[in-house]
Amino acid sequence: MKDTGTDQKVLDLEKEIASLRERVAELESQLDAKSGHPESGPVEKETNVDQILQANGLTNAEIKRFSRQLLIPEIAVEGQVALKNASVLIVGAGGLGSPSSLYLSAMGIGRIGLIDHDVVDISNIHRQVIHTESRVGVSKVESARNVNSLCKIDIYDTLLDSANAMEIVSGYDVVVDASDNPATRYLINDACVLLNKPLVSGSAVRLDGQLTTYNYNGGPCYRCMFPKPPPSNAVMNCSETGVLGIGMSSMIHNTIPFGNFNVFSKESNKKTIILVPGIIGCLEALEVVKIVTGSKANEPPNMLLFSYKSYPHFRNVKIRSRRKDCVVCGDSPTISELIDYPQFCGSGYNDKPTQWKILDGRSSQVTCREYGKIKAGRIPHVLIDVRDEAEFKIVSLPGSINIPLKNLSEDSPEIRNILTGDPVYTICKRGNYSQMAVVKLKEVYGVRDCFNIIGGLDGWSSEIDSTIPSY
Ligand SMILES: Nc1ncnc2c1ncn2[C@@H]1O[C@H](COP(=O)(O)OP(=O)(O)OP(=O)(O)O)[C@@H](O)[C@H]1O
Ligand SMILES: [Zn+2]
């Protein structure tokens with residue numbers, strides 16, 4: 001049986017809805033008339049409502065988007081407006097720049113400048129989370145231009161150097177150092193000091209990270225902490241073990257591993273796992289928020305250290321105050337304009353390892369092609385791969401024996417068993433450590449016919465056998 005009472009209720013409801021719709025349309029056209037857009041269609045009407053600027057300085061769209069943040073007393077409307085009016089320069093769109101730019105733009109920073117001269121490589125995307133597979137080969141800043149239409153992104157697809165740094169840095173309130181090399185770190189520091197900008201500086205190497213805010217509230221600058229750049233000629237600093245031994249203050253240029261003051265080398269400082277730059281990059285973003293919203297940031301000056309291995313993972317160390325004799329921020333500074341930073345640091349604006357020259361000339365070295373002939377001709381020899389075991393497991397040349405460089409420092413019977421008297425060839429990733437191995441094999445084991453393979457596995461992969469992957 002039909003329920004006429006229910007039908008009537010449905011009809012009444014439909015009528016009420018229709019009349020409410022008419023009323024809404026009427027109100028919307030009145031709103032249009034008042035805001036001067038009588039012709040606008042429904043989509044634009046919505047936009048207009050979103051764009052209404054409230055007395056507190058936020059638009060309706062911003063109130064909707066940032067509502068959860070607005071409810072937090074530490075941010076609230078004042079903080080959100082401060083974020084909106086702030087501009088932040090992020091140097092480097094890599095491991096640290098990815099999370100810091102993602103979070104800063106998502107949370108409402110009004111303008112972000114992103115500078116990087118590199119393109120996305122497939123080996124970047126495991127940690128440089130702003131880039132995706134489809135962007136491999138694309139400029140990093142283009143790839144990172146993202147997400148939040150409420151944040152203006154200025155992209156600089158270029159190298160930050162002494163010629164452009166003052167102009168670029170001057171356009172922003174806060175600077176984030178998300179770079180990876182000493183020359184850039186000193187450059188950014190000096191520009192920030194000269195222009196009086198706070199500098200949030202982070203680094204992540206291997207399993208360790210660090211974070212500090214420099215040049216802020218009368219605190220120290222990067223140069224106050226590290227007046228001298230790390231040694232540029234890595235060879236000069238080889239420890240007895242054959243692994244780079246760098247003093248603690250030099251290590252801090254990249255990181256202080258606090259679980260264990262591990263030495264690390266320029267060649268291995270690329271080994272980093274995704275979470276470390278992610279964590280440090282997020283903390284850089286957090287420091288920016290504190291600076292911009294006027295919360296106390298880094299007071300007294302501290303350096304936050306992160307270590308994957310240690311628990312708890314974080315440790316805070318108080319750092320020195322501003323150095324009166326600092327050459328850039330001290331009482332009588334001698335640096336009043338930017339200098340030649342690659343020259344000062346003895347290394348360029350990148351973290352690419354340089355080719356070492358431990359072995360002079362060709363008497364103890366062969367090219368990949370020359371070694372290729374020896375291998376193809378089955379001429380008796382011993383091929384020693386001096387990389388760490390972890391790297392050896394990634395890829396190696398058939399027939400090579402893995403003896404990590406550090407094991408060559410002390411005379412060992414096992415190694416003597418391998419050295420049969422045939423000529424010895426040494427190989428590593430790029431042909432740097434393998435030069436040191438030649439020195440050790442001669443010094444410790446008295447091997448006379450010992451040769452480094454110039455260019456290492458990378459050279460072998462590009463010149464001889466492209467099936468050997470470059471990593
Ligand atoms: N002076 C500079 N100007 C512009 N970008 C810079 C400068 N120095 C460093 N960078 C950028 O900072 C980023 C540092 O990030 P990260 O070390 O994670 O990346 P990467 O160099 O791509 O990594 P990998 O060493 O594995 O190749 C890089 O994208 C690099 O191009
Ligand atoms: Zn200083």
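Just so you know, glycine gets a Cβ as well, placed from its N, Cα and C.
Keep in mind that TrEMBL annotations are predicted by a computer and have not been checked by a curator.
For the ATP site, TrEMBL gives Gly95, Lys140, Asp180, Asn181; the one candidate out of Asp12, Asp50, Asp116, Asp208 that the record lists there too is Asp116. Within 8 Å of the centroid of the Cβ atoms of Cys221, Cys224, Cys326, Cys329, where the record puts Zn(2+), the same chain has further Cβ atoms from Asn189, Val193, Tyr214, Asn215, Pro220, Tyr222, Arg223, Arg322, Arg323, Val327, Val328, Gly330. Close to the recorded ATP site, the chain also has Gly92, Ala93, Gly94, Leu96, Gly97, Asp118, Ala178, Ser179, Asp351: residues not among Gly95, Asp116, Lys140, Asp180, Asn181 whose Cβ is within 8 Å of the site's Cβ mean position.
With a CB cut-off of under 6 A applied against ligand 1, the binding-site residues Gly95, Asp116, Asp180, Cys221, Cys329 are reduced to Gly95, Asp116, Asp180. Reported as a whole number, the C-alpha separation between Cys224 (Zn(2+) binding site) and Lys140 (ATP binding site) equals 32 Å.
With a CB cut-off of under 6 A applied against ligand 2, none of the recorded positions Gly95, Asp116, Lys140, Asn181, Cys428 are retained. Taking Gly95, Cys221, Cys326 as the binding-site residues under consideration, the smallest Cα distance to Cys428 (active site, cysteine persulfide intermediate) is found for Gly95. Broken down by DSSP into helix, strand and coil, the domain 'Rhodanese' (381-469) contains 37 helix, 14 strand, 38 coil. Of all Cβ atoms in the protein chains displayed, 27 besides its own lie within 10 Å of the Cβ of Lys140 (ATP binding site).
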